[in-house]
Amino acid sequence: MLDPKFLRNELEVTAERLATRGFILDIAHLTQLEEKRKSLQVATEELQASRNAISKSIGQAKARGEDVDAIMAQVGDLGSQLDAKKIELAAVLEEVNAIAMSMPNLPDESAPIGADETENVEVRRWGTPRTFDFPIKDHIDLGEGLNGLDFKNAVKITGSRFIVMKGQVARLNRAIGQFMLDLHTTEHGYTEAYVPLLVNEASLLGTGQLPKFGEDLFHTKPATEEGQGLSLIPTAEVPLTNLVRDSIVDEDELPIKLTAHTACFRSEAGSYGKDTRGLIRQHQFDKVEMVQIVKPEDSMAALEALTGHAETVLQRLGLPYRTVILCTGDMGFGSSKTYDIEVWLPAQNTYREISSCSNMKDFQARRMQARYRVKADNKPALLHTLNGSGLAVGRTLVAILENYQNADGSITIPEVLRPYMGGLTKIG
């Protein structure tokens, strides 16, 4: 959520910056609402003051033995007018808030201006894609050949965009997640967290999935009243970031760095026809998430560090990748600046996204009322929040299967994963 004061005082600037994201702000309507809000606010305050003043005179009139019926009737009339104005004001404020909640974050000045992913800017590459001297197989053929990826039974059990993993492929998938968690907790300074996979509406509003992206979520509808309104998490960013919702954190506690390995659930609304085969785009997938909660002046440096932590995973696994900065038209709703990390997939002969690392600045914190107490003046101020995939486990499995494949269909295990695989150097 944007700063209301900045929005009111810099409406034209806000509209221009949001336009670079493809969001058209109706300045005339918002100005009209703001003028109406001011008018109703003044009228409400004046009616309140008049009623208070006349109410005080009732006691004085009674003390003088005067009839107060007329005064009481006047107070009642003012009260009715006041109630009506309050209802009008509440309606205007609700509409203003709805507009504010629908606005994406302002892009950072360092984010390149562009319309879509074709205008993202590459900032670096690591590793050299392997040259194969045999026909390359994709992860689907490799996984099925190892009897480790079972798409047929997943469709039978649930439907499309789900997977059953078995045997050494399932073990490799588990090893990938464990390696990522160990790396982030032992070397990168994150605290591991176990979080609910179901969250309430307030949590989804806080991180920005609601109200705009409800169709992307899986919502539960249990029979019990207690469970109403819960949704499966699309990312562990939601529960991890909401740990500071409605809180004031001591400055000495910052930065807060959290990581979690969870299943994630997405309806993939709007993705019809995209990546219909394989593990690239699933309704249920595992991801290791990183979240940082920091002071405002530290957030841009934290974004660089966070992105580096995700890149380190790929470097340790020996997987070639490139990092791009997203242009304004391709950034996520709540992001001010985002780096995407794309891993090399030989079977597709291209780089595909495996991590997205974003600085939300105070956008989520304002929605969540997540603050810290500044030592200098002992006053609360909004935090800055960041999040990034470290990494998407299923896509990492895809990258390992394809990049480490052998001519006979077996897969060489990356060295850093061998301790998690009981010392195995190869599967298949």
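Placement of Cβ uses the backbone N, Cα and C atoms for every residue, glycine included.
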For this session: Select one of Glu187, Glu289, Glu297: the residue that Swiss-Prot places in the L-serine site alongside Thr235, Ala236, Glu237, Ser389.
Result: Glu289
For this session: Other Cβ atoms within 10 Å is the metric here; tell me which of the binding-site residues Thr235, Ser267, Ser356, Ser389 scores highest.
Result: Ser389
Problem set entry | Those binding-site residues of Arg266, Ile354, Ser355, Ser356 having Cα within 10 angstroms of Ser389 (L-serine binding site) | Ile354, Ser355, Ser356
For this session: Out of the binding-site residues Thr235, Ala236, Glu237, Glu289, give me the one sitting nearest to Glu268 (ATP binding site) by CA distance.
Result: Thr235
Exercise. Within 10 angstroms of the C-beta of Arg266 (ATP binding site), what count of other C-beta atoms is obtained when all protein chains are considered?
Worked result: 20
Exercise. In angstrom units, rounded to an integer, how far apart are the Cα atoms of Glu353 (ATP binding site) and Glu289 (L-serine binding site)?
Worked result: 15
For this session: Give me the Cα-Cα distance between Ala236 (L-serine binding site) and Ile354 (ATP binding site), rounded to a whole Å.
Result: 15
Exercise. Applying the rule Cβ within 8 Å of the centroid of the Cβ atoms of Thr235, Ala236, Glu237, Glu289, Ser389, what extra residues of the same chain belong around the L-serine site?
Worked result: Val238, Leu240, Ala260, Thr262, Cys264, Lys287, Val288, Met290, Val291, Asn387, Gly388
